[in-house]
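What TrEMBL records for B:ASP234 is active site, proton acceptor. For B:GLY110, the entry in TrEMBL reads diphosphate binding site. The Mg(2+) binding site annotation in TrEMBL covers B:ASP204. Taken from TrEMBL, the feature substrate binding site applies to B:THR232, B:ILE233, B:ASP234, B:LYS271, B:TYR272, B:MET279, B:GLY280, B:ARG281, B:GLU340, B:TYR445, B:GLU446, B:GLY447, B:ARG448. The annotation domain 'Phosphofructokinase' is assigned in TrEMBL to B:102-469. For B:ASP205, the entry in TrEMBL reads site 'Important for catalytic activity and substrate specificity'. The annotation site 'Important for catalytic activity' is assigned in TrEMBL to B:LYS231.
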2 protein chains.
Amino acid sequence: MAPSIAIACEVAAERPAQKPAYTSYGRMAAEFNEVQASRVGHRLQLPSVLKRQFEIVDGPPSSAAGNPDEISKLFPHLFGQPSALLVPSATVTTAASRQSQKIGVVFSGGQAPGGHNVISGIFDYLQEHGKGSTLYGFKGGPAGIMKCKYLDLTADFILPYRNQGGFDMLCSGRDKIETPEQFKQAEETVLKLDLDGLVVIGGDDSNTNACLLAENFRSKNMKTRVIGCPKTIDGDLKCEEVPISFGFDTACKTYAELIGNLMVDSRSSGKYYHFVRLMGRAASHITLQCALETHPNITIIGEEVAAKRLTLKNVTDYIVDVICKRSELGYNYGVVLIPEGLIDFIPEVQQLISELNEILAQGPVDEGGMWKEKLKAQSLQLFEFLPRSIQKQLMLERDPHGNVQVAKIETETMLIQMAEEELEKRQQENKYKGTFKGLSHFFGYEGRCGFPSNFDATYCYSLGYAAAALLHCGKTGLIASVGNLGAPVSEWTVGGTALTSLMDVERRHGKFKPVIKKAMVDLQGAPFKLFAAMREEWALKNRYLSPGPIQFVGPTSHAVNLTLQLELAARARSPGDRIAELQQPNPKTSS
Amino acid sequence: MAPSIAIACEVAAERPAQKPAYTSYGRMAAEFNEVQASRVGHRLQLPSVLKRQFEIVDGPPSSAAGNPDEISKLFPHLFGQPSALLVPSATVTTAASRQSQKIGVVFSGGQAPGGHNVISGIFDYLQEHGKGSTLYGFKGGPAGIMKCKYLDLTADFILPYRNQGGFDMLCSGRDKIETPEQFKQAEETVLKLDLDGLVVIGGDDSNTNACLLAENFRSKNMKTRVIGCPKTIDGDLKCEEVPISFGFDTACKTYAELIGNLMVDSRSSGKYYHFVRLMGRAASHITLQCALETHPNITIIGEEVAAKRLTLKNVTDYIVDVICKRSELGYNYGVVLIPEGLIDFIPEVQQLISELNEILAQGPVDEGGMWKEKLKAQSLQLFEFLPRSIQKQLMLERDPHGNVQVAKIETETMLIQMAEEELEKRQQENKYKGTFKGLSHFFGYEGRCGFPSNFDATYCYSLGYAAAALLHCGKTGLIASVGNLGAPVSEWTVGGTALTSLMDVERRHGKFKPVIKKAMVDLQGAPFKLFAAMREEWALKNRYLSPGPIQFVGPTSHAVNLTLQLELAARARSPGDRIAELQQPNPKTSS
């Protein structure tokens, strides 16, 4: 317990004597404004099953999302685990289930609104079901596990973070526990802290890592179990049992507010095209969701661009065609949504980037441009076609994984420049008589750390409760899953899904690596289909909607994002069905 | 009435038969989302004085903000007009005050949240106090007056715009009525429509224009009277009787939400400095107000930079000093606020820009850079000191008034680059050991068209009522003023202030031009003083506040911005005092 005390002293040193609610990272209830204070006091609902005695029903053995043979080799102790569902129990709680526990929790990767509520959910579960339990928070992401840097989370400490945005209670990091030495460090930490369980709050990579940790601990007969929680504003970590990752709802609502404002601005002044690039690197869920809520004139969905193998010229032409048609209707203004990772979806650009990556990996390039001779003809042509500023951005240094830093490429500015050039051409050909003024925006960081919407706040709290309950029941290698989200909170289902069931393998450096397959925008899915059916109307008629700022009180404060609503409606199976299904083929009941 | 009917037909043609609430600009109640619908139905309070019989009390004769002799020559018919205050009246309303009126209204200049409520306030006043009145809305700003383009505003037409953001009910424009021909056109329009009055909703320039129109109509014995309304998100149109311009509250709240989010992001990831440029060209009120609500580590106030005659190097050094000190405390992150017009406040940059303006006015410059020889030594030195990208932006084409387009200069990016260079220098000198990663943001258009906050919605509605009441009582050349804003709405005061009393003259092209003096940030004022007292603490300790999204319902939905609160508290005179004061020296009662 020595490190914990040491940290407690640090905290005390930072805390002004007269202001008792200060935390190590600077949150202080006494300094809150009214909204922060009112959110701290916001009471959260729980699914009924979590409010009563429950037991766990196991489903049939699971497989993998792809290459089950390889996954079973990579996770020999965990592969095939069933999904778990909490169901009401008439049994009186056994002494075992009342045992106190030592649990650790960590934030991994980028922030998403609601993370603090996952922790308060875990904490409150332990208070209620495991008197005398301890909750440790690892600081600064997975590195905190490896370096054994943690905080002892108490009720007072957690209080000012309830229903607040950000991950600053513990901070986060992007490190991974990968090498044998790193696994050793993690083992040492969990042994030192005598951890019964660990909750990893993260995206696809972090949950893959959580599963590797679970497998590692299990393989060494260590008692520490690991449960993941689905976090990412990008919305690309989901499956049937995990209908949505937390943070997506809030982030999209924050962006949609701003987009709605820009639409009204656009229509009011009648002279601007607002080009908005939206965070979301690998998948275009955020862009699609924002489009569904606001009805922009032009929306580019990366997955469609990739599926149709569109070129940058195709995308530019589509944008310019809409601008020209609108101009004929008298509208020289509009709003265009672009996903952050757009250029990654364009095959020819991907090709160019991979060639550039290779060239740059060999060392710095010559100023004279001789290096360009190493590009293939098509790539060179594309490179020369790009605006100068984009050429420069492409050459910028890469992220730690060696990838092009997509967030740095101002795709929206690039498309504005390309649209300008094409429009000028059409003007000279007398095919366009309008005026065009593009303004660029990037909405990203603003949406990652907002106050969680009521949906995210409640959902995360349930996820935290679920994670703690699964650990308490002896589960490991699952991702917490809360379902039936279209129903009132009391009817939400609570359980866990085998992380291995979400996995496939990728071949890297001659080895199979497990990866959780990212959930891309499904071009046959209900959200995209609705968008595809409406986009022509939205392009030419102004069907703008202004969602306005997120509301915490009142009639509009419990709206759930359309993407989730549509996906749930398309599935439309009752939780009762699911329980029946889970119970039929291979019923197993544990704790 | 022919044009009105023609426009009505246009509207009908655009309207799908089955969707009856469509308007000419595309707002359709049937297509509203929940928030829009709930805002349309939001009931607004009115000051008590507007709910009962009232009469107008005139104050003493007014003067001008400067050069009263010149102002009196420019406005011979209006100069010296008293302020007017509505007071409860026991008199039974006379037939005259029940007369129907024909009123025109126009949006002038950039959007500000609440504009639609000014119009609904005018409309509702006329419905109540001038049965049979007509309200015309001029389309596309002052050009609509000159070209006699207008809409007949009806209850159905106005309904979907109530409490909604933007100016899209009529759209706006930046034209001015300046030349004799333009005044002639305006006269023709008001004669054709038989207008009793005109309400000009605009900023300082537009209100100056409103006063010139009022003077012109009065000088020709025309019956059309003109009343202005104080609109600008920049907050730089205010005086004692007009405590705030509408839109400032909402825009600042929108920006502060995003800044608060970035602060949490910054603290959560621990690795970014977010540099945020905020709209507000001439004055730094928005930046100051956002700082007061969020407590950023670094805030630059243009007026202070100008008063202290700081150089760009001074500003950079200040920023870098804070970054270095924070790094020593272990904080390699933070938030920096910069006003849009910062570089305009730096004397050496102003000098450079004015030299560049002169050089560019003479025609295009040579690519080789020979033109630089025309710069004075100090300006050349500064120009060469600037990052390349900023040099380019400075040379970009100007706005229609020949000014540098400040919004196009990415000051935040410039400061990031300069900070990087200085930090690298200090690192080499072993004076700095941290890491620095700057991310740039510009918050502007997102805040101009949001749903008005409850304050702006209510304030604007009262302004509209006030404008209509002043016209009804025969007033002209006043700006509507609603005061005592720190009290409950029922106790707000309502009146008008002589536009000439806000004016000074500027010498342009050898002539005196009247201008309403912009209200700059007062370095002796309460808001700046609070900021100055706190900024050191905010710099090094993390006192971040997250205001969160604007709330329309609940305990936090009626908060008023701190700038106004502090200014009102500093003044702290009761409305009773003001009435007494107005009545004493030169009591005159009209209507």
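Using N, Cα and C of the backbone, Cβ positions are placed for all residues, glycine too.
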Cβ neighbour count (10 Å, all chains) around B:GLU340 (substrate binding site) is 26
Euclidean distance between Cα atoms of B:ASP205 (site 'Important for catalytic activity and substrate specificity') and B:ASP234 (active site, proton acceptor), Å: 13
Site extent for substrate, whole Å (max Cα pair distance, B:THR232, B:ILE233, B:ASP234, B:LYS271, B:TYR272, B:MET279, B:GLY280, B:ARG281, B:GLU340, B:TYR445, B:GLU446, B:GLY447, B:ARG448): 36
Listed recorded positions (B:ASP204, B:ASP205, B:GLU340, B:GLU446, B:ARG448) that sit near chain A [CB under 8 A]: B:GLU446, B:ARG448
For B:LYS231 (site 'Important for catalytic activity'), nearby residues of its own chain (Cβ under 8 Å, 6 or more apart in sequence): B:PHE107, B:SER108, B:GLY109, B:ALA112, B:GLY114, B:GLY115, B:VAL118, B:ILE201, B:GLY202, B:GLY203, B:SER206, B:LEU237, B:SER245, B:PHE246, B:GLY247
Within 10 Å of the Cβ of B:GLY280 (substrate binding site), how many other Cβ atoms are there? 30
Tell me, roughly as an integer, the mean pLDDT over the domain 'Phosphofructokinase' (B:102-469). 93
Cα distance, B:THR232 (substrate binding site) to B:ASP204 (Mg(2+) binding site), nearest Å? 8
Could you list the residues of the same chain, at least six apart in sequence, whose Cβ is under 8 A from the Cβ of B:GLU446 (substrate binding site)? B:THR254, B:TYR255, B:LEU258
If you measure between the CA atoms of B:GLY280 (substrate binding site) and B:GLY110 (diphosphate binding site) and round to the nearest Å, you get 11
Looking at the recorded positions B:ASP204, B:ASP205, B:ASP234, the one with the fewest other Cβ atoms inside 10 Å is B:ASP205
In sequence order, which residues at least six apart in the same chain have a CB under 8 Å from the CB of B:ARG448 (substrate binding site)? B:GLY110, B:GLN111, B:ALA112, B:PRO113, B:ILE233, B:GLY247, B:ALA251, B:MET279
